[in-house]
Structures are given as C-alpha cells and as structure tokens.
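Novice: I grabbed these lines from TrEMBL:
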{"type": "DOMAIN", "residues": "3-185", "note": "domain 'DUF7978'"}
{"type": "TRANSMEM", "residues": "12-32", "note": "transmembrane segment"}
{"type": "TRANSMEM", "residues": "97-117", "note": "transmembrane segment"}
{"type": "TRANSMEM", "residues": "129-149", "note": "transmembrane segment"}
{"type": "TRANSMEM", "residues": "161-185", "note": "transmembrane segment"}
Amino acid sequence: MSTRTLDRNALGTGAVAGVLAYALGYVVTYLWQSSSVENALDGYNFVASLFGGDPIPTWQGVGWLFYNAHAVAFTHPGLGGGRVARNFIADGNAPQLLYLLPPLVLVLTGFVLARAANAPDGQTGARAGVQLASGYFVLAVVGLFAFQYSSGGSSIHVDYVLGVVLAGLLYPLAFGAAGGALAGATS
C-alpha cells in the first residue's frame, strides 16, 4: 500500500474522529448543563413570548455554552441598538470547568489517533493528532448556523469570526497536536 493511500486513510479517520470529538463535547455539555441553560433562558423566553416570538430551545442555548467553552461569545441585540457579547462561563453563570472540556476531549482524541497510527515520536504523533481538525472544523462551522436563534428580525448567535478561528481552527489544531505529540512521545 502506498504512503499516499495511508495518508488519505489517516485523514479520513482523523476527520471522523474530529466529528466524534465535537459531538462528544456537545453531548457532555448538554447532559451536564442543559437544566442550568434552560433556567438561564427563562428570562429571554419570557421576553420573547411577550413579543410573540418563539422560545429559545435549550439545545441551542447549550450550543452557545459549548462555544463559550472554546472562549467564543454569543451575541444578542442590545437595548440601545448594536450587539452585546455574552459568555455564560465568563459571566459566572456556568462552571469554569467547562473551559477544560474542549481541550480535554481534543487532547484525548489526538492521543488516540496517534496511538492508532503507531506514531514513533512526538512529531509524528502531532501530525496524526492534528488530523482531527478537518472534521471538527466542519461541525464548528455548521454549529455557528445551527445554534442561531432568530425572531422578529433579530438574532442571537455565536460570534462568527471567533467561532471559525478559535473553535474551528485553533482549538482542534493545538490540542489535537498536543494529544498526538504526547502519545508519540510516550510510545
């Protein structure tokens, strides 16, 4: 089998691992914090109902929190116009431990990828671990739109630029590589 085929197979495996890492991070966030998010959304949903809007679904609010764990705020319309950025974790409305969830999941996923590739050293391991970024990136971009709430011409959504740069690129590249390097260095 050629090296090119192996690289293509590894990239496909990495992409699937990235998708699974993103999904796992969201599911853990949902299971851990959905009731807290639902309570936090009560005020927003009350105001939305006064103006005939639909309530914000808990799954979307958990999505904002998941991006908050990547240090990405969500934005909503401000009272005097403009937009206001919010981060439930930074505001003290969610556990600070959530900041550790994406790095932990990504390091572990990168570690597993490097071990599966039998990486003989840290550099090779980092290359194996970073391959999860393609799948993670795709879901990070999809999540920007899936977690958007719109009502009456206004919207609440994750910051698009930081969502792509931090959640879609920097986190999976840095932490996937770190996990892979750790696996390669300890093999």
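First residue shown is number 1, and so on along the chain.
Here the Cβ of each residue, glycine as well, is placed from N, Cα and C on the backbone.
Just so it is clear, the model here is predicted, and its values are computed rather than measured.
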Novice: Under 8 angstroms, Cβ to Cβ: which one of 12-32, 129-149, 161-185 has the largest number of such pairs with the transmembrane segment (97-117)?
Specialist: 161-185
Novice: For the transmembrane segment (129-149), find every same-chain residue at least 6 residues outside the stretch whose CB is under 8 Å from a CB in it, and list them.
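Specialist: Long-range Cβ neighbours of the transmembrane segment (129-149): 10-11, 13-23, 26, 56-57, 60, 63-64, 66-67, 74, 106, 109-111, 113-114, 155-158, 160, 163-164, 167-169, 171-173, 176-181, 183.
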Novice: What is the pLDDT of the domain 'DUF7978' (3-185) when averaged and given as a whole number?
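Specialist: Summing pLDDT over the domain 'DUF7978' (3-185) and dividing by its length gives 92.
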Novice: In the same chain, who gets a Cβ under 8 Å from the transmembrane segment (12-32) while lying at least 6 residues past its ends?
Specialist: 59, 62-63, 65-66, 69, 98, 101-102, 105-106, 109, 112-113, 116, 128, 130-140, 143, 172, 176
